[in-house]
Number of protein chains: 2
Amino acid sequence: MVSKVKRLLIGRPMKSAEIEGAKLGKFKALAVLSSDALSSVAYGTEQILLVLMAAGFAAVWYSVPISLAVLGLLFILILSYRQTIYAYPAGGGAYIVAKDNLGVSTGLLAGGSLLVDYILTVAVSSSAGTDAITSAFPSLHEHRVLIALVIILVLTVMNLRGVTESASVLATPIYLFVVAIFVLIAAGIVKYATGGAPAHVPEFGAAVSNVSLFLLLKAFSSGCSALTGVEAVSNAIPNFKKPAERNAAATLIMMGTILGAMFIGISLLAYWYGVAPDEKQTVVSQIAESTFGRGAVYYAIQALTALILVLAANTAYSAFPLLAFMLAKDKYMPHAFMVRGDRLGYSNGIIFLGVFSALLVIIFHGNTENLIPLYAVGVFIPFTLSQLGMMVRWIKLRPPGWTTRLAVNTIGMLTTLSITLIFIFTKFTHVWMVFVFLPIVMWTFFAIARHYRNTADELRIDPAEEKPCIKGSTIVVPVAGVTRVVMNSLSYAKSLTDNVVAVYVGFDDEDIERMEKKWAEWDPGVRLITLRSSYRSIIRPIMKFIDTIEWKTAETDHITVLIPQFIAKHWWQHILHNQSSLLLRAYLYNQKDVIIATVPYHLRR
Amino acid sequence: MVSKVKRLLIGRPMKSAEIEGAKLGKFKALAVLSSDALSSVAYGTEQILLVLMAAGFAAVWYSVPISLAVLGLLFILILSYRQTIYAYPAGGGAYIVAKDNLGVSTGLLAGGSLLVDYILTVAVSSSAGTDAITSAFPSLHEHRVLIALVIILVLTVMNLRGVTESASVLATPIYLFVVAIFVLIAAGIVKYATGGAPAHVPEFGAAVSNVSLFLLLKAFSSGCSALTGVEAVSNAIPNFKKPAERNAAATLIMMGTILGAMFIGISLLAYWYGVAPDEKQTVVSQIAESTFGRGAVYYAIQALTALILVLAANTAYSAFPLLAFMLAKDKYMPHAFMVRGDRLGYSNGIIFLGVFSALLVIIFHGNTENLIPLYAVGVFIPFTLSQLGMMVRWIKLRPPGWTTRLAVNTIGMLTTLSITLIFIFTKFTHVWMVFVFLPIVMWTFFAIARHYRNTADELRIDPAEEKPCIKGSTIVVPVAGVTRVVMNSLSYAKSLTDNVVAVYVGFDDEDIERMEKKWAEWDPGVRLITLRSSYRSIIRPIMKFIDTIEWKTAETDHITVLIPQFIAKHWWQHILHNQSSLLLRAYLYNQKDVIIATVPYHLRR
């Protein structure tokens, strides 16, 4: 039943050998990995304008140079990450690069902030997508948590089905979105060039009295939120078709070009059309309305924007399981994150991401806006560490032309570091949680690693010296009466050894006497020991009895507790039987060094 | 940890021998068993007045003769149940009496409706008590579901602590309530006699044009809701101190006398003071206000009334587990209901009642008023069946003076039957669910009984003929590497038999080759078989392998699958290890006739 539902949702299991077919080509990769980055154009320009408006409408012209600066940073990041892809063809996320060059702790710091960040990405994006939907259909507003959860559920299932299938689903809307934005930019430029745009625009380069450097930096850092998602490609190299690094680098360049063009285009149009941020209408929506009017094209652009925001969450679904896999391989996260599911994805990572982001949505009732600065910091910390790592690498290895590469990474590192500091400085009330989360995550990583190391030490044997050794055997069979199940168990026990003893727990003398008489009549060739329980517990007397046996024979014998058990045919029948045997097993299992054996008897009816 | 919390809530475990000390004397029994019945005076008169008001205020004088009729019915029921107590000193609930005299199906019908009814009692009473609380503190209104759930939780824990302790807790408020109502009645009569009451009262005996027989019957049946709870004493005889039947009979008479006096007192005062039912104020509240004004005495009466409504639920906590015990003893309910908990109560029944009534409260959002008629029908069906059973008994046994007893039960049966029919007839929209619930409950009873019978048949052996027999043994040990855990398992296996085979599942050829080499180096004296899994599942190849072994050797050998397992020291460490062994055990357990043994290795760190 369960497995049928699973088949329907997830699809047939795939052989391990099918893995190459499940990998990504350049164009599919662009669809899977770029939605987070590309969706940023829906809000990047707006973030800048929002900060500038604090100095009045006259200050909005600064958005153009600031956008150019962001574009410059994007260029640096792309160059920098391109270098990383070629340096780390097996996957060069911030975790790997930082660990490799700056030590394990720094690597875990980068990896931990990325993991937390991916969870935030899914929560924030699904909530933002929901907002877009409920703006169009206000009657759905009270169901926003439910809608966000449905979005997360759909993304989770899609990703459990596997990478390529979800890529096929995603490719169309992402390419349509890109086309729509370019159409919008082209039409907007034409209209502006032919004089169809409103003339009322603040003068470019005019000095505005209350614009401080602080304000400009804040606007710049806000604009940098458009750059989140750029790292996705370099994390995901192992998901690419061969030659993986070349495909990845090409994908990165394509993504950077598209993102840069769209971002600067939107920023320019926003300036030319004199758009000011408005609570009720997004900047993109205002530009689209000015260019096309509220017609079919306008609604198509809005719908695609909403869709792309939802799909941005999907980037995290590619990145999180891969990063979790790498951390698990290094024993900083549970082994379970290394298991490939039926469809060759790392199912546990996908499910973990889905569950935790759903929890965030529930806890914040879908109002996750306040998480956005947190989420930006969570990206820029690993950005910085990754580039610092690359710097160290160039200095250590000194390959031909290393000085240029060092320069690229140094500029990148300093910029991202500044942005991180600006974020912490200007928005401390929103980002302080990072200083709580990260230590906890780091501590967990180390605790897990310590446990795995200890376990491995404890379980390791010296193959030359340590061999299996043979001992005697004593078998204890708890019995509840004279039944077929007990008979089967005794048959089994007697087949293995002659030291078999049956134990019966009675609640009063009458009860015990009756059992002893029955046993004598049956005479199965096994000694019966009866115990009296004053507290109506079966477990405690048996545990005590086993203590005694252990004390007497553990030196010479293996002690086995043989638990007769009949297994009902239908699930509901299970609740009709006292599950003392399950309870006994659980107790023995946790507290005793005895072997626990179950002799099953399957009921036919 | 869990067990410490349990100790704190429930108290120390008690020996079975302490059971006599946990039984009830007359006065404690009155407290435990009568709250349901006595609390009815809080709404009994009001129910009558509500129906009569349909014919106008002039009709309220009918409440006096109707109350007398209810009193008469109470008298008949008390007489009738007193006869039952002496006839069935081991506990004469409707289930026992009906089963004994009318056959098993009828008994189950009575028992089933009582079980459903007790759940309804708890849900309805806790909601009514909550209403009383939130009427006093309106700000709590939005938390009513939570408050009702807390009440149920408190009652459940109290009852898990044991019968006598909960009796001590209950006795004080119940006796205070009785005293308060009698003080109210006495003061009210004095005030009326001294002419202090309002004179404006409809004339007694005046004909009212639109009062039909149907209306009077409906008012009478509504008043009969005050009689629910009378059966509690006769169900609970085994809970009484010896001599149980005499103490029970005395308790029943006391309860009947108090209930009757309070009920008729309130009805008379209501008429004398010209009280009409009011949505915002209960009849008792109106009388108390007219008598004492809104002072301390008034609030004390209100508070005690609220408390008693909550405690009415407690009656069900005494009655449900006992009835469930009896049904379980007869194999119509799961054996689990026969187990006495640490504090000698039937814990599973108490917990079951708590959980299901809490579910009802949640499903109905605490608005359980509509369940009241359902609940009344659920009581009157077993009333009728029980008395029908007594009639049959007198006719069969014909003890001295049986004709009088037959007459008492016949009158009682006809009256309760009429009331049941009136309920079904006048309130079908509320009670139709009974015709859905009862068949389901009955079907469940029979299904459980059939399962127990089949199981017993299947497990029964002929002690003279069937004895344990000795066979050979083959042991299969799934291994995941060369570790201490595997070594321990092989030591154990080799101690038992020479037919030991280790199985390794690899995901690719490299992996398998590596393992084979390691094994050869170690040379533990056990043959290793390697299996290749294309789908990354460990379970499926092992299951297939065991199929083959079974096919080859099941005739001559017991097959044991020995599962090496290391057990983490801390709970959180469990999630760090793939629980393949648990999964493998679950599969084997359900699908195969092989013995499953676990060799535990307890991690030290």
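Every residue, even glycine, has its Cβ placed from backbone N, Cα and C.
The following features are taken from TrEMBL:
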type     : residues  : note
TRANSMEM : B:60-81   : transmembrane segment
TRANSMEM : B:102-125 : transmembrane segment
TRANSMEM : B:145-162 : transmembrane segment
TRANSMEM : B:174-193 : transmembrane segment
TRANSMEM : B:213-237 : transmembrane segment
TRANSMEM : B:249-273 : transmembrane segment
TRANSMEM : B:299-325 : transmembrane segment
TRANSMEM : B:346-366 : transmembrane segment
TRANSMEM : B:372-394 : transmembrane segment
TRANSMEM : B:406-425 : transmembrane segment
TRANSMEM : B:431-449 : transmembrane segment
Quiz item: Would the transmembrane segment (B:299-325) count as touching the transmembrane segment (B:174-193), if touching means at least three Cβ pairs under 8 Å and pairs must be 6 or more apart in sequence?
Solution: yes
Practice problem: State the non-local partners of the transmembrane segment (B:372-394) in its own chain: residues 6+ outside its ends, Cβ under 8 Å from one of its Cβ atoms. | Solution: 77, 80, 83-84, 87, 92-95, 97-98, 100-102, 106-107, 109-111, 113-114, 116-117, 120-121, 124, 221, 224-225, 227-229, 231, 402-403, 405-406, 409-410, 412-413, 416-417, 419-420, 423-424, 427, 430-431, 433-434
Self-check item: Range from B:60-81, B:174-193, B:249-273, B:346-366 with most C-beta pairs under 8 A to the transmembrane segment (B:406-425)
Solution: B:60-81
Quiz prompt | Contact set, same chain, for the transmembrane segment (B:346-366): CB under 8 Å, 6 or more residues outside the stretch | solution = 118-120, 122-123, 126-127, 130, 144-145, 148-149, 152-153, 155-156, 159-160, 313, 316-317, 320-322, 324-325, 336-340
Exercise. State the residues, same chain only, that lie 6 or more residues beyond the ends of the transmembrane segment (B:249-273) and have a CB under 8 A from a CB inside it; answer 'none' if no residue qualifies.
Key: 26, 29-30, 33-34, 37-38, 40-41, 44-45, 48-49, 60-61, 63-64, 67-68, 70-71, 74-75, 77-78, 81-82, 85-86, 178, 181-182, 184-185, 188-189, 192, 197-198, 201, 204, 226, 230, 233-234, 240, 283-284, 286-287, 290-291
Quiz item: Sequence-remote contacts (6 or more beyond its ends) of the transmembrane segment (B:213-237), Cβ cut-off under 8 Å?
Solution: 24, 29, 32-41, 43-45, 47-48, 50-52, 54-55, 62-63, 66-67, 69-70, 73-74, 77-78, 81, 84-85, 88-94, 114, 121, 244-245, 248, 251-252, 255-256, 259, 263, 312, 315, 318-319, 322-323, 372, 375-376, 379-380, 382-383, 386, 418-419, 422-423, 426
